[in-house]
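> Dropping the structure in here first, questions after.
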Amino acid sequence: MHENFFNEISGKYCQLLSKKFNEIILVIYHFTFLKMFSIEPVSFLESGLPNFLTPHAVQIHVTKHHQGYVDMANKIVPESEFKGKSVEEIIQNASGPVFNNVAQHFNHSFFWKCLTATTQEVPAAVASFLSKHFESVDNFKAQFVQKASTVFGSGWCYLAVNKDGSVSINQYSNALNPVKDGGVPLLCVDTWEHAWYIDYENRKAEYFNKFWGVVNWNFVEENLKKAKLI
């Protein structure tokens, strides 16, 4: 009798452990494969960027637009041939919805890192680099604003090292970016209407001019060092 009771309890305990184990495996699978992409913490999500973007504009951009791309990427990439591939591999080789959503996740993630709520001076090494390629920092800024403000429709403007080693300010439509062409991004600004319309309405040029007050030049310097350009 005691033996039967013990066997019954042992069997139920094993079933419970097995069930819990399967649940744990499903959770791990869910986060490893189904949740391949996520938004890194944005330090200014609650505070916004003074004199550039209000908290409301930042929150809509991050939690609605960017999150929308992440959610869609997590839905469609695991069902594609690109499951388990890096963001860069997907951008360089994919097309259609997979490319669009993953590339937009990359673009937004990079953009948030280009911004800071703390005013920064342009590091000497960065200033020297910009002067070498654009004559001066001010001339670079003027050219960047001109390029950014003339992107037709939705897109991005990047300072990038191109595949051939040249440095230029590039306009990109929709989700395109330097990574697609084998380039290295150094700095970018979002030119999609949703990036600026909440705060600036039709004053698009004002958005680009105020961008310089919140540029994370330390991040630009890090990118230049990684590319061994300074």
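Heads up, the Cβ atoms here are built off N, Cα and C, so glycines get one too.
Bear in mind that TrEMBL entries carry predicted annotations, made automatically and left uncurated.
Since we're looking at a predicted model, the values are computed, not measured.
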> Which single residue out of His105, His108 does TrEMBL record at the Mn(2+) site shared with His61, Asp190, His194?
His108
> I'd like to know which of these binding-site residues, His61, His108, His194, is least surrounded, judged by other CB atoms within 10 A.
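The binding-site residues His61, His108, His194 were compared, and His194 has the fewest Cβ atoms within 10 Å.
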> Counting only residues 6+ apart in the same chain, whose Cβ is under 8 Å from the Cβ of Asp190 (Mn(2+) binding site)?
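Once residues fewer than 6 apart are set aside, Asp190 (Mn(2+) binding site) is near Asn107, His108, Phe111, Trp156, Trp196.
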> Over the span of the domain 'Manganese/iron superoxide dismutase C-terminal' (125-223), count residues by DSSP class, listing helix, strand and coil in order.
53 helix, 22 strand, 24 coil
